[in-house]
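Chemist: Okay, here's the structure, questions in a sec.
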């Protein structure tokens, strides 16, 4: 299960993976999400507790949250294709782009699982601020990652680092990228991904009062001071994970282009 913490007030963005037990009051898919493309390739299962996204040589598919959010915890349980799937990308991300539209200046937080013909799988993460991309970090994963932070992106706007400033909604999809990952062997298809856990712990964004999502209140528990930085146990897991499994870091390639790379974060 993949998980974002987005909290501009707390000045911390956390990518982590989290395995949670299901709850009796778990929301169904149509309470928070809609299928947005590839409609005949998306199937709602188990009375709304699971969604299957399918890709073949004709189309992929995707869905998006009904609402936009200003801050919160965002999670999704995912099962990516388990066969030879080179060229197929399975995603969960937050974006300020309108659904099925382009936007040059936008904010986005990406988790993208790259299909492969053998283990390990590559998880690519990215932070896009005001349309500026290139902040990729990638990890080679063989296993479940249980409540382990894998990436932190702090609000260093005071020293010229672009930070997330727009409301965003959640999207998930399965698609193919020949230019990025190489051709897909469609004889192995179709490829399917499964999503569960459709609860959203987020602050609904309101144009008339955007600051409410940044306030440290009981309702916005993710803005509490304890989330402003990793605790010692999380910090240890974070450093160990990155040392063992991070295979690409944009800072090692473009240190001078991104001021946050020279900071002790």
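Cβ coordinates are placed from backbone N, Cα and C, and glycine is handled just like the others.
Found this in TrEMBL, in case it helps:
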- 108: active site, nucleophile (ACT_SITE)
- 112: active site, proton donor (ACT_SITE)
- 2-250: domain 'GH16' (DOMAIN)
- 116: N-linked glycosylation site (CARBOHYD)
- 1-24: signal peptide (SIGNAL)
Chemist: When the pLDDT values for the domain 'GH16' (2-250) are averaged, what is the result?
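Modeler: Value for the domain 'GH16' (2-250), mean pLDDT as a whole number: 88.
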Chemist: For residue 112 (active site, proton donor), write down the residues of its own chain that are at least 6 apart in sequence and whose Cβ falls under 8 Å from its Cβ; none is a fine answer.
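Modeler: The answer is 89, 90, 91, 93, 123, 124, 125, 126.
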Chemist: Using Cβ atoms only, which residues of the same chain lie under 8 Å from residue 116 (N-linked glycosylation site) while being at least 6 residues apart in sequence?
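Modeler: Looking at Cβ-Cβ distances below 8 Å from residue 116 (N-linked glycosylation site), excluding near sequence neighbours, one finds 84, 85, 86, 122.
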